[in-house]
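Chemist: Let me begin by handing over the structure; questions about it come next.
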Amino acid sequence: MLHLSGGSPRTPGHLISAADLSRDDAVLILDTAEEMARVADRPIKKLPTLRGRTVVNLFFEDSTRTRISFEAAAKRLSADVINFSAKGSSVSKGESLKDTALTLEAMGADAVVIRHHASGAPYRLATSGWIDGVVVNAGDGTHEHPTQALLDAFTMRRRLIGPDAGLGQDLSGRRITIVGDVLHSRVARSNVHLLGTLGAEVTLVAPPTLVPVGVESWPCEVSYDLDQVLPKSDAVMMLRVQRERMNAAFFPTEREYARRYGLDGDRMARMPEHAVVMHPGPMNRGMEITAEVADSDRCTAVEQVANGVSIRMAVLYLLLGGSEPAVTNNATARTEENK
Amino acid sequence: MTKILIRGAKVLGGEPQDVLIDGETVAAVGTGLDAGDATVIEAAGKILLPGLVDLHTHLREPGREDSETVLTGTRAAASGGYTAVFAMANTFPVADTAGVVEQVWRLGKESGYCDVQPIGAVTVGLEGKQLSELGAMHDSAAGVTVFSDDGKCVDDAVIMRRALEYVKAFGGVIAQHAQEPRLTEGAQMNEGVVSAELGLGGWPAVAEESIIARDVLLAEHVGSRVHICHLSTAGSVEIVRWAKSRGIDVTAEVTPHHLLLTDELVRSYNPVYKVNPPLRTERDVMALREALADGTIDIVATDHAPHPHEDKDCEWAAAAMGMVGLETALSVVQQTMVETGLLDWAGVAERMSFKPASIGGLAGHGRPIAVGEPANLTLLDSAYRGVVDPAGFASRSRNTPYEGRELPGRVTHTFLRGRATVVDGKLA
Ligand SMILES: [Zn+2]
């Protein structure tokens, strides 16, 4: 039961790509996540909404953070959760995505949250006819990670507008800078699309080796000079840079990378006072971000984790959702819980 | 001997003529020929071409008989109007010895649907390190003249130079799969706007173009000839055009799919569109068509690459690269080259029969439709329109990018040395 008004045109009923979300759908998800966030403040952090539904976390690639976030979200909506780690099992070599999908289908999965090392695997899962359930992309290769982009947008809206004032609002006119390994980053890809849809002006900053060929078709600016962009940024999103990129000659040394593209206290001081620093985690302290910045109250990394649960609750609710409202009042929720 | 009279066909797309086949050869060409005791095929409105010759086919046998065998592959070839195919060397074991090439050659003889001319590997095991016994393969019953490590690039410049030099002794040619390996590590599709969006590893045009540039210069330096397999970019066209203008002995081929399809199709993540070299952009497609029309690109070759269903029914990154092509090649050429006015049927005959046979040094194929010539012929109903249904393929594999697509033209008859291998669109 799709509650998103337009859904995604290419994969209706699924969430595969942030690029598929309309402005209204994205705002609906953010608003729903605000409702969900209130549940986290209650003594009993649970809603009966998805009781009896089964959500499978199908992870072909390790990501404890993302898996736990989806698991917490599903459980707070009272869904049954099955964690299926395909890494290191027979699946990693012999058994194919298709075989695994057929197994999940036989187990009656209502939603499959999939993390896969291959770009396009969730799209394939959603469009191949192998399963009937809802597919949620939890990160595929270097393609997309739409719920991460949604939680980033949610975090920005809260910080730059405020939780309640933000309801119904998008990010029109906000200037967002994304810094680092754009080439290999599904987070950057999803954010560029979503933030553009929400009306923000996005600038990518990276060494030219870490910007994809073809980026000129993206709805954003590209700069190689961080210092020039910082004073005009409302939010600066630092991407994780893997040290092995150095060995593949994407940049000469860690020191040089940090010097030109790392965010330290001096650089942070060039940002406008209200501007926030974001990071999808886990952070390489001393590489893309210094401890001073990471631990400052302008850095939203910890809230992003908490917001991730709210966003994923909203997504699961909207894609799988019952006909009842997402959040009932406290008394009802407690009664449900005590049954 | 059997006599067949093909009545009223447009020979090479020209004026209607009758062609009488007597035994293995063409006995008469003219108008109003007396049928006598010959079987008559009414061919008014149809196009009669010399039997097609494919310089680039993967028959998979030995080793991957689950995808294709010499028998099923040659049946597919006959269905597509081919009377001869060159079989690539990347089999298991690799065709890098006289023994393996003779085996493939013999299987072709036994199949009876189409002549099979093996291609020998340039290097042992396609590993790019040590030259195969090129001379022994040439001296074998198979008489190999074309050598290729196709599937892999001969990327070591010294090995490539030596191979080019060595085959001069017996008039051989090195057919290069131009792919700079370091620039294409992890490559999944054409590098550009679409790959940036899809997050799939890019296969940049320069990885093809830089190898072609190097190889034409090597061929010039050692005075040998080089053939470029499945050229796919506008830049490659320019380099080959320059090389030819300079008098370098280079020939080049383009596949039907690179004449029609673009990387936009990869947005579907459907591995049926995964191929090496990858589908490129609209601009590349248009440049390839023009280059084929003006002769910069000499021939069309299918790169027929059969794969079993399970190797394509999976996520993109895990899927095998390649498409089947023998049974749809002529239709795609008709649509992209003839119906666009870029090429007439004589031009098609040149690029799909005469020239590939001459590049590969294959006697008895790619001959004019004239008295005394071997009766290797293809009769095409160019007015036909139909939707591609892989269920009807003779190939053992179904990995076609054209399923459900309407393509023009249908081969109604194929003759291999006077014997019909296809009659009324069905294998004989
Ligand atoms: Zn090749």
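Any Cβ shown, glycine's included, is placed from N, Cα and C.
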Chemist: According to TrEMBL, B:Asp150, B:His177 bind Zn(2+) 2; which of B:His227, B:His230, B:His257 is also listed for that site?
Modeler: B:His230
Chemist: Record says B:His58, B:Leu59, B:Arg60, B:Asn276, B:His307 bind substrate. Source is TrEMBL. Which of B:Asn90, B:Asn376 does it list for that same site?
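Modeler: Record source TrEMBL; matching candidate: B:Asn90.
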Chemist: Please pick, from B:Asp298, B:Asp303, B:Asp311, the residue that TrEMBL records in the Zn(2+) 1 site together with B:His56, B:His58, B:Asp150.
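Modeler: TrEMBL lists B:His56, B:His58, B:Asp150 binding Zn(2+) 1, and from B:Asp298, B:Asp303, B:Asp311 it also lists B:Asp303.
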Chemist: Which residues, sitting 6 or more apart from B:Asn276 (substrate binding site) on the same chain, put a CB under 8 Å from its CB?
Modeler: B:Gly151, B:Gln179, B:Trp203, B:Met321, B:Gly322
Chemist: For the binding-site residues B:His56, B:His230, which one has the sparsest Cβ surroundings, going by other Cβ atoms within 10 Å?
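Modeler: Output over binding-site residues B:His56, B:His230: least Cβ neighbours within 10 Å is B:His230.
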Chemist: Tell me, which binding-site residues from B:Asn90, B:His177, B:His230 are within 10 Å of B:His58 (Zn(2+) 1 binding site) if we use the C-alpha atoms?
Modeler: B:Asn90
Chemist: If one looks at the chain holding B:Asp150 (Zn(2+) 1 binding site), which residues at least 6 apart in sequence have a CB under 8 angstroms from its CB?
Modeler: B:His56, B:Met88, B:Ala89, B:Asn90, B:Ile119, B:Ala175, B:His177, B:Cys229
Chemist: Setting B:His56, B:His58, B:Asp150, B:Asp303 aside, what same-chain residues sit with their Cβ within 8 Å of the center of the Cβ atoms that define the Zn(2+) 1 site, listed in sequence order?
Modeler: B:Thr57, B:Met88, B:Gly151, B:Cys229, B:His230, B:Ala301, B:Thr302, B:His304, B:Ala305
Chemist: Considering Cα atoms only, can you say which of B:Leu59, B:Arg60, B:His230 is the nearest neighbour of B:Asp303 (Zn(2+) 1 binding site) among these binding-site residues?
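Modeler: Of the binding-site residues B:Leu59, B:Arg60, B:His230, B:His230 has its Cα closest to that of B:Asp303 (Zn(2+) 1 binding site).
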Chemist: Using the Cβ centroid of B:Asp150, B:His177, B:His230 as the reference point for the Zn(2+) 2 site, which residues of the same chain not in that list have Cβ within 8 Å?
Modeler: B:His56, B:Met88, B:Ser148, B:Gly151, B:Ala175, B:Gln176, B:Ala178, B:Gln179, B:Cys229, B:Asn276, B:Pro277, B:Asp303
Chemist: Neighbour count, 10 Å Cβ-Cβ cut-off, for B:Asp303 (Zn(2+) 1 binding site): what number do you get?
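Modeler: The Cβ of B:Asp303 (Zn(2+) 1 binding site) has 28 Cβ neighbours within 10 Å.
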Chemist: Listed binding-site residues: B:His56, B:His177, B:His307. Which have a CB under 6 angstroms from an atom of ligand 1?
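Modeler: Those binding-site residues that pass the cut-off, since their Cβ is under 6 Å from ligand 1, are B:His177.
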Chemist: Return the residues near B:Arg60 (substrate binding site) by Cβ distance under 8 Å, restricted to its own chain and a separation of at least 6 in sequence.
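Modeler: Expected: B:Ser67, B:Glu68, B:Thr69, B:Gly73, B:Thr91, B:Pro306.
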